[in-house]
């Protein structure tokens, strides 16, 4: 009998280990289980929000995050290239949103009285749009992921000259990188020829 308990205590027989009182030891609970479950929930939501996410295989957390970032960059590119973007004033929009939130906080008691009174349709539409949660569009209506070639900027520079200088600087950096890659690729065969001559 002692050999049986010795085997059980080491766990070599596949049976659970026994403690000193002869009871089965349970595995301690993991502290990160709640956090892990919450992270899985958020990753699952992200997978549902981003279109063209591979469904036929299990994705790592990093792959999911990369797809999300790529999709956000694509949306930002589309926003930047939208024809109305030139007419958009980000500072005025932010000021209007902040003013709307301040008005909602200070006038919460008066909201019931105003609702009964006649309200301007434009103001009503603005409030409804601000209060509605963002609707999730169907995956078919979303844009596909592509490689991003432009910098990650939301608002165009204030001066056109700065924008032009930034583009020229980026072009120079790309040319320098391509030249370095070319010189590295040319240097490798030359080194191989030298090594073969020496031997």
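Residue positions begin at 1 at the first shown residue.
From the backbone N, Cα and C atoms, a Cβ is placed for every residue, glycine too.
Owing to the predicted nature of the structure, the values given are computational and were not obtained by experimental measurement.
Annotation comment: Swiss-Prot describes 161-182 as compositional bias 'Low complexity'. Annotation comment: Swiss-Prot describes 23-75 as domain 'bHLH'. Sequence annotations record features per position, and here Swiss-Prot assigns phosphoserine to 106 based on sequence analysis. Marked as region 'Disordered' by Swiss-Prot: 127-199.
Mapped onto DSSP classes, the compositional bias 'Low complexity' (161-182) shows 22 helix, 0 strand, 0 coil. Across the residues of the domain 'bHLH' (23-75), the predicted structure has a mean pLDDT of 84.
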